[in-house]
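Sequence annotations record features per position, and here Swiss-Prot assigns transmembrane segment to 4-24, 38-58, 68-88, 101-121, 137-157, 175-195, 214-234, 259-279, 290-310, 323-343.
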Amino acid sequence: MSNAITMGIFWHLIGAASAACFYAPFKKVKKWSWETMWSVGGIVSWIILPWTISALLLPDFWAYYSSFSLSTLLPVFLFGAMWGIGNINYGLTMRYLGMSMGIGIAIGITLIVGTLMTPIINGNFDVLINTEGGRMTLLGVLVALIGVGIVTRAGQLKERKMGIKAEEFNLKKGLVLAVMCGIFSAGMSFAMNAAKPMHEAAAALGVDPLYVALPSYVVIMGGGAIINLGFCFIRLAKVKDLSLKADFSLAKPLIIHNVLLSALGGLMWYLQFFFYAWGHARIPAQYDYISWMLHMSFYVLCGGIVGLVLKEWNNTGRRPVTVLSLGCVVIIVAANIVGIGMAN
C-alpha cells in the first residue's frame, strides 16, 4: 500500500473521529432549545468556516465562483441541499427506531448509496467488476457494511441491557425515514463528485492539492445550511414552546457559555469534512468514490471507541462490549482491504 493511500485512509479516520465527537460540546449547552443551539453551530460550520477558509485559500474569492456557470454550481448546491434533508431525517430516524437500529440502517444505506452510485453514474462500475483492484475495493465495501451491522447489533444489546427504548417506536415510519435518511445523506458524496470542476479550477489557481476541495464547500454546505437553518427558524417561529428571544434573554455569562460551546461543536463538525478533503485528495482518482465508504465506516468505528472511552458501555456486561470490539475490528479490516485494492 503506497504512502499516499495510507495517508488518505489516515486523514479520513481523523475526520471521522471529529464527526464522532462533535456533539459532545452541544451536550453541555444549558437552557437553550435544540433549534437555537443547532443554528448557532450550523452558522459556524456551514457558513463562517467554509467562507473564511476559502477566502484565505483563493487569490480572488469572487472571481473564482463567478467563473463557473449555473449548470456547474446548481448540481453541487442541490446535492448539498439533499444532504441537508438527510441531516434532518437523521434525528427523526432515531426518534422512531432508537439510536442503534436507526444509525445502523441509515449509515448502512448511505454507505452503499454514496459509495456505489457515484461510479454507476460516471459509467465506471464495470471497471470495478472487471479489475482485480476494483473487486478488492468492492469486497472492502461489503466487509465494512458487515462491520457496521455488527456494531449496530452491539448497540442493540447495550440498549436492551440498559432498558433504553425509542422515544416513539414505530417500525414502519422509522424504516421509511431511515431509508430516506440514508439516501439523502449520500448527497454529500454526490456533491463532491459534481464539484470536480471546482476542485480542478482551484488546483489551476495554485491551491495545494490537499485543499482543492475546500472552496467547493461554500456551495455544498450553503445548500445544506438553507435546509437545516430553514427548518430550525421555522420551528422557532411557529412552535409555541420555542423562542429565540427567550434563549438570548438568559444571563450574559450563560449566553456566552452556550455560544462558545455551540461554536466549538460547529468547528468540530466542520473539521470532519476538512480532513475528508485531505483524505479525498490522497485517494487515487479512479477510486475517489471510496472516500465516502471510509468516512462512514470510520464514523461508526470512532463512535464505538468514543463510547468506550466515555464509559457509556460500563455496566452493560461483557457480551455487548465483545460484539462492539468485533465490529470495530471488522471495520479496520475493511479499510485495509480497500487500501490493498486501491494499491492494485
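Using the three backbone atoms N, Cα and C, a Cβ is placed for every residue, glycine included.
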> Does the transmembrane segment (290-310) come near the transmembrane segment (68-88), with 3+ Cβ pairs under 8 Å (pairs 6 or more apart)?
Replying inline: no
> Any chance the transmembrane segment (68-88) and the transmembrane segment (323-343) have 3 or more Cβ pairs under 8 A, given the pairs are 6 or more apart in sequence?
Replying inline: no
> Do the transmembrane segment (137-157) and the transmembrane segment (259-279) share at least 3 Cβ pairs under 8 Å, sequence separation 6 or more?
Replying inline: no
> So, do the transmembrane segment (323-343) and the transmembrane segment (4-24) meet, by the test of 3 or more Cβ pairs under 8 Å (sequence gap 6 or more)?
Replying inline: yes
> Cβ under 8 Å to the transmembrane segment (259-279), counting only same-chain residues 6 or more beyond its ends: which ones?
Replying inline: 7-12, 14-16, 18-19, 21-26, 28-29, 32, 37-38, 40-46, 49-50, 53, 188, 210-214, 217, 221, 291, 294-295
